[in-house]
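Have a look at the structure below, then the notes.
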Amino acid sequence: MTEQQPPRKLRIGVLALQGAFTEHINLLNRLTDDIEAVIQIKTPQQLESSNLDALILPGGESTTMALIAERNGLMEPLRGWVRAGKPVWGTCAGLILLSNTAHRTKQLGQPLIGGLSVSVKRNAFGTQLNSFVSDLSIPSLGPEPFPAVFIRAPIIETLDDPSVEVLARVTNSDAGGEGENIVAVRQGSLLATAFHPELTADDRFHRYYLEMVREVRGNLGEGVNTSSS
Ligand SMILES: NC(=O)CC[C@H](N)C(=O)O
């Protein structure tokens, strides 16, 4: 009889400098079938020595997060992680940090991790008071709409490489505007959402990321999936 070994469980790091990292950790800790450990990352040593399969950059304030990351000596190690093709998911401020270009009316040239070939516009829907929830159609997650929470959210203004795949758009009438904007993309090992899946009870986006992590780690030849046949 041949025994089917289950795939190895994943170790997921969450950048824990500022913002909504606890919410990601709480949601990930419920996905015990897939996850071995969820680890808070605050220092370069933790990033290097935690044997992580993937990283999440949470929502919060991208300027503050970048400032603390620089102070902790984490910006370059994070850039190296992205360059190595290891999986990263940025939510909201995390999307801003991952993007190659960020625009806002007042502040240009904030430090970014970069790697994702998009330009984003920060605070595209206005202030905290203009937060909203929109039921998005996200075909990659299945037919049920996904309840997306937008809090001082950015939008993805331009896709600057053909390898960037659009996963979701928001209809701006939900935010009192017109037209629609791109709010979720994937480019190879990088996933980015302008909204906050960690603030809902719906875990499909986190499960989608874990699947993506297994696929990317498999491509990197790091044998996440150890099942034998
Ligand atoms: N919810 C969020 O992460 C908001 C992002 C924030 N407006 C920024 O520019 O960094």
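Placed from the backbone N, Cα and C atoms, the Cβ positions cover glycine too.
There are 31 other CB atoms within 10 A of the CB of Cys92 (active site, nucleophile), with all protein chains counted. Annotated active site, nucleophile per TrEMBL: Cys92, in sequence order.
Per TrEMBL, the feature active site, charge relay system maps to His196 (among others). In this structure, His196 (active site, charge relay system) belongs to neither helix nor strand by DSSP; it is coil. The local packing around His196 (active site, charge relay system), expressed as other Cβ atoms within 10 Å of its Cβ over all shown chains, amounts to 23.
According to TrEMBL, the active site, charge relay system annotation covers Glu198 (among others).
Non-local neighbourhood of Glu61 (L-glutamine binding site): Gln18, Gly19, Ala93, each in the same chain, at least six residues away, with C-beta under 8 Å from its C-beta. Annotation source TrEMBL lists L-glutamine binding site at Gly60, Glu61, Ser62, Arg122, Ile151, Arg152.
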Task: Residue pair Arg152 (L-glutamine binding site), Cys92 (active site, nucleophile) - Cα distance, angstrom, rounded - done: 8
Task: Secondary structure of Ser62 (L-glutamine binding site) (DSSP, helix/strand/coil) - done: helix
Task: Between Glu198 (active site, charge relay system) and Ile151 (L-glutamine binding site): CA-CA distance (Å) - done: 12
Open item on the list: What is the set of residues, excluding Gly60, Glu61, Ser62, Arg122, Ile151, Arg152, whose C-beta falls within 8 angstroms of the centroid of the C-beta atoms at the L-glutamine site?
Closed with: Gly19, Gly59, Cys92, Ala93, Ile96, Asn123, Ala153, Pro154
